[in-house]
Amino acid sequence: MGKAKDRTGPLARRPDNSAFKQQRLPAWSPMLTANTVLPFFYLLALMCLLLGVWLLLTVQSTQELKLDYTDLGSCSECYELRKNVSYAEQGCRCKVEFYIDQTFKGDVFFYYGLRNFHQNLRRYMDSRDDAQTVGRESQLKNPSTYCEPFIKDKDGVPIAPCGAVANSMFNDSFSFNYQTSSGHIMPVPLLRKGLTWYTDKNIKFRNPKTGNQTLAQVFEGTRQPLYWQKPVYDLDPSDPTNNGFINEDLIVWMREAAFPNFKKLYGILNRAGDPFTHGLPKGNYSIQISYNFPVQPFQGRKLVVLTTLTWFGGQNLFLPIAYLVTSSLILLMAVVLTVAWWKFGKDGKNMKE
Amino acid sequence: YFLYNVVTETNQRKKLEYRIFNMLSVIAEKERRVKANAREYNEKFSYANNHIKTSKYNIFTFLPINLFEQFQRVANAYFVVLLILQLIPEISSLSWFTTIVPLVLVLVITAVKDATDDYFRHKSDQKVNNRQSQVLIRGSLQREKWMNVRVGDIIKLENNQFVAADILLLCSSEPYGLCYIETAELDGEVIIQNSPHKVFTTDQDIHFFFQIFAFLICMGVILAIGNTIWETYIGRGFQVFLPSEEFQSSAVFSGFLTFWSYIIILNTVVPISLYVSVEVLRLGHSFFINWDQKMYFTQTDTPAEARTTTLNEELGQVEFIFSDKTGTLTQNIMVFSKCSINGQTYGDVYDEFNEKVEITEKTACVDFSFNPLLDRGFKFYDSSLVEAVKREESSVQEFFRLLALCHTVMSEEKSEGNLVYQAQSPDEGALVTAARNFGFVFRARTPETITLCEMGRAATYELLAILDFNNVRKRMSVIVRNPKGQIKLYCKGADTIIFDRLDPSSEELMYATSEHLSEFAGEGLRTLALAYKDLSEDYYEVWKKKLYHVSTVIENREEQLAVLYEEIEWDMKLLGATAIEDKLQDGVPETIACLNLADIKIWVLTGDKLETAMNIGYSCNMLRDDMNEVFVISGLTQLEVQQQLRSAKERVIGLSRLSSTGGAEKDDMFLEDSVFEEAIIAEYALIINGHSLAHALEPQLEQTLLDLACLCKTVICCRVTPMQKAQVVELVRRHKRAVTLAVGDGANDVSMIKTAHIGVGISGQEGMQAALASDYSFAQFRFLQRLLLVHGRWSYFRMCNFLAYFFYKNFAFTLVHFWYGFFCGFSAQNSSSYGPYCTVISPVLIWAALVPPFFFCSTTGSFFFLRNPNFPTTQNDSTKYRKCCEIQQSQRNKIPSISVFALWSQVRHLQQSRKRHRPQEQSLRRVRRTSSRRSAYAFSHQQGYGELITSGKNMRMSEISSTHSLERTAQSSSWIENILKRKNEVSFKPIKLENNEKHG
């Protein structure tokens, strides 16, 4: 295009004879006829069908257990207690029991789930300061206005981490117990680390530079979010490296869910010792719950979800069903087209056009 | 700004007071006082100066004016509104830079383009303003820039100079103040090019946009209501975690804000960005047109040029083509191709088996090298004629002598043996050139003599009289005294006229010649019959006296002259007949046949005469003898025209009623044209004359005309003015709501080209006006086939595919947000900020990807550009054009079809084709007609130069012999009046035969 033409002579303005300019680039231009289209349709229907069936079987092979403990058993007391905000500081513990009739083979993942909790509201999602949680010192004590109304407390002390998302962090905690056939009760060992991605912990979330100071000193001059009982640098007393903005529970929470009903990873079964080397054996289990998170105001529910995973993920039937529906639609279309072809165009000359 | 090229010198000494109407400020009916060569006096009136300015901006005004112009565009304004919305934090659902980046990009690119354009305009303005011209100032000639030329100045112009302003010719160096003007640069010089973008947004487009907007607002309202409800019932409980701000005090207000937020998020549903994308796409197509080697004409080194970029896909929808004839269908080159002398035809080539050989490029030409004065461009293939000349057969010699003598051509001998003929019409030029090559060279003429070079021997004939051509006489004669002293009358003219005036002794020859004439006419050649007569000295003397007497008469001179001419042109002896080929451009019949196959109607609008136009109609296969009927409308009054139109229409309808089974059940068939037209199997042609057309275009008749014209397969309008051409196009454009295309090459086609949806200019010999006014220009008519059937089709296809995908993409993108609104509490959350969410949504997209081409977008998308509801849809179209593309076997179809819908279209097409059985295969070869139809008269020129020649006015003084006869002086005062009288119909334009080299 931009090439200057220095040709002279009688054919100076002759266009270049290049494949592109003469539109001679190789192109596939199928002549669509019934003979090519109909088989393609049937083939496509078959492919979708197979894919759908395969995915369905994969999904079926996962094991999943959902336990809604909102007001289950002894937790109903805690549920009533949490209705009143003035008792928010008051702890409440409860215990739920459940039975697994089939061994969960392989890795077992423990989730907590929430229903009707809109983490996806625009104002809620915006109410955070990524610059702060990435460890920028200037932002630490001077959070962005996005965090409104959780920027500062009543006294004007900046909140870290600021914003509605961090403020509403899920703060129930669980300890799982297994009752062996002999009646012996033993704790189910959970890995509470490795719940996040590398990028979460090292890029998206970082603590402010500590230098010689302790984490507590760095966060001095900031305040924990209003609903929190512990400051951010003390979230995990057992592991000092799991504190501050890189606390895994915090990171998991801060990755907002797309839908109002969601589950978030709480821990992974540690299969180091018996009897959990092959997974979660069948039998009776109980969960000790430190019941803190109020769901009553927004008619929410809380659950615990135990599941095994395949390459495909958890128990999600959407994709297999989508494929099966698509398959049947294509099949329907193919049949209609076949009938049309049979009736009108089978020996029509114009098919060859 | 008009430019003339005046070949003249003005006499500066004359002082005149005169008026100038300055084109730059034409104020109707206002009298102006101007004194020639008196600047001080004229300055009092402060007339407009001669400075031209076509540029729009200067450095300081560029930014504000350009931005103002840009923001007047809907798309830009729309983006600005969105931007403003996004700057409100409570509403902003997308960050503001998502809008501002593309907006600024578009603005900057457009601004740069505008700036470059304007820079070039500045430059060309400057160039024109600084052109020099010689102006008489204070008694001496001075060089003055054009912009400083004032009203009332006297300018001296020399040969081949441009004219600085509108001027009044005072005097010329040529005898009798003659002055030749080349008007090639008239009309639409490049300088003033208000880029002729024909943006025709129709109701349907606007309608569509309203629907989309309504859809957007609907979604916004639904979501806003959803938000209100959500805030009232659910959001309240969520305030523990997300306390509402003040502005959210009421759920209704929150809903209101949500509405605007969603307008931002869902804005992609309004295809505003489509404009930009479509522009880019069209630009690409235009480049492909420019680059096409198959539309490049080697001889003139002219590639095709898409001058506007906005109409490419319209090319694929053209239904009507309006074509000029001369220069467009024909080359405007007349070639002496055959003749019949003394009952013997010449011109065909036969092989050893006595079979006629098709003449091609390779056929050996006759060698004229015996003749030193030959015209090398002339080609003839039948050597027997040269042999006959060499044998000195008297009839053959007399034949060519006639051709060399009986004409009004002027000759100019630039150097020894290098003759250049200036003929009034190309026909005459062809005949004289033919005689020249066959050894009867017309070398020079004076008012009284014609000098020939007959087979190498110079011979001077005394020219006694020219009995000039006119429309009624349809013939011209000369009376000469040959070197031997005999007086002879040579006459050439329409066969019917000549045959009526023959001596009985020629009767037998007449029949033979007549047969030959039919044969010639059947091949679409323009024929002339030639005859001569020996005059006795006495007879001529008597007649001459009468002539002298008549020419001094003032009243009814024309009529009396005609009677006198009639008297002498009698009892002539037939010599033979000539056949001139009005050379069609290459591939014209094939192109027309192919376009016909594509169901494109071609109307020829020509300034030529009825006969000429019909002739061309036959030769390019538009008229055929197997047509059921050819209607010729030539009524002079409105009533006549009305009757002719009605009766023609009744005939068509009557016949088709008979042929269609069941007959006329519907009385309102007339109204349902489209259905009705389909029913007509028979082929008709309509030929309408200019003056009839004027009546037919009146409001009360135009519908009848249009109905009839659309029933006919071929429509030819002859003797039409440029204005009428435009009116015809306008008529079709207005009533048929079809895409029209006008193609022409001359200034007289400009109005038509501008009126039609698409204007195509043939950049040929007749100047550049048509090409400049057009949307597409190329060198040959046949390229139209490729432009319409290849580029048009591809553009249309690609555009439809693009639109389908564009809408699919937009809707898929937008509807996801809409749907997601129901999950996120209608909070206008942008769903694409979720990585995981997108993973979930991808199967939906995959699923959806299969659906839209089937139902939704295919129709919506293509409908966006289909403004004619009757017009076949894309799929239908493809079958229609496919037929033609098969013809162009070399063109491979490179369009990836979107969907299986081709199958449907085939089914549909089959059903349609079952309904109408039409013989669609036509022979593409040029069919030799065997009819007896006669091309009545071949002269395409108007009343000629005869008077001018005999008066000697157009010859240099030196060439005119000093002895002026009395008779001549008497005539000389009248010829200019006559010319002036005829001026209305005749454009006084000598045609130079300079293209000797290019012949053939």
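Quick reminder: no glycine exception, Cβ is built from N, Cα and C everywhere.
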Candidate sharing the ATP site with B:D324, B:K325, B:T326, B:E428, B:F469, B:R526, B:T606, B:G607, B:D608, B:R719, B:K725, B:N748, B:D749 (per TrEMBL), from B:K294, B:K356, B:K492: B:K492
Chain residues outside the transmembrane segment (B:208-230) and at least six past its termini with a C-beta under 8 angstroms from it: 251-252, 254-256, 258-260, 262-263, 266-267, 269-271, 814, 818, 821-822, 825-828, 863-864
Beyond the flanks of the transmembrane segment (B:250-276) by at least 6 residues, Cβ under 8 Å: 74-75, 78-79, 82, 85-86, 88, 90-94, 102, 106, 209, 212-213, 215-217, 219-221, 223-225, 227-229, 231-232, 235, 244, 803, 806-807, 810-811, 813-814, 817-818, 821, 826-828, 830, 864
For the domain 'P-type ATPase C-terminal' (B:771-830), the mean pLDDT of the predicted model: 87
Between B:D745 (Mg(2+) binding site) and B:F469 (ATP binding site): CA-CA distance (Å): 28
Residues satisfying Cβ distance under 8 Å from B:D324 (Mg(2+) binding site), sequence separation of at least 6: B:V604, B:L605, B:T606, B:K725, B:V743, B:G744, B:D745, B:G746, B:N748, B:D749, B:M752
Per DSSP, three-state class assigned to B:R526 (ATP binding site): strand
Rounded to the nearest Å - Cα separation of B:G607 (ATP binding site) and B:T326 (Mg(2+) binding site): 8
Chain-internal residues near B:T326 (Mg(2+) binding site), provided their CB is under 8 angstroms and they sit 6+ positions away: B:N332, B:T606, B:G607, B:D608, B:D745, B:G746
Greatest inter-residue Cα distance in Å for the ATP-binding set B:D324, B:K325, B:T326, B:E428, B:F469, B:K492, B:R526, B:T606, B:G607, B:D608, B:R719, B:K725, B:N748, B:D749: 33
Assigned element (helix, strand, coil) containing B:R719 (ATP binding site), judged by DSSP: coil
For B:T326 (Mg(2+) binding site): DSSP state (helix, strand, coil): coil
The one of B:R526, B:R719 whose CB sees the fewest other CB atoms within 10 Å, among these binding-site residues: B:R719
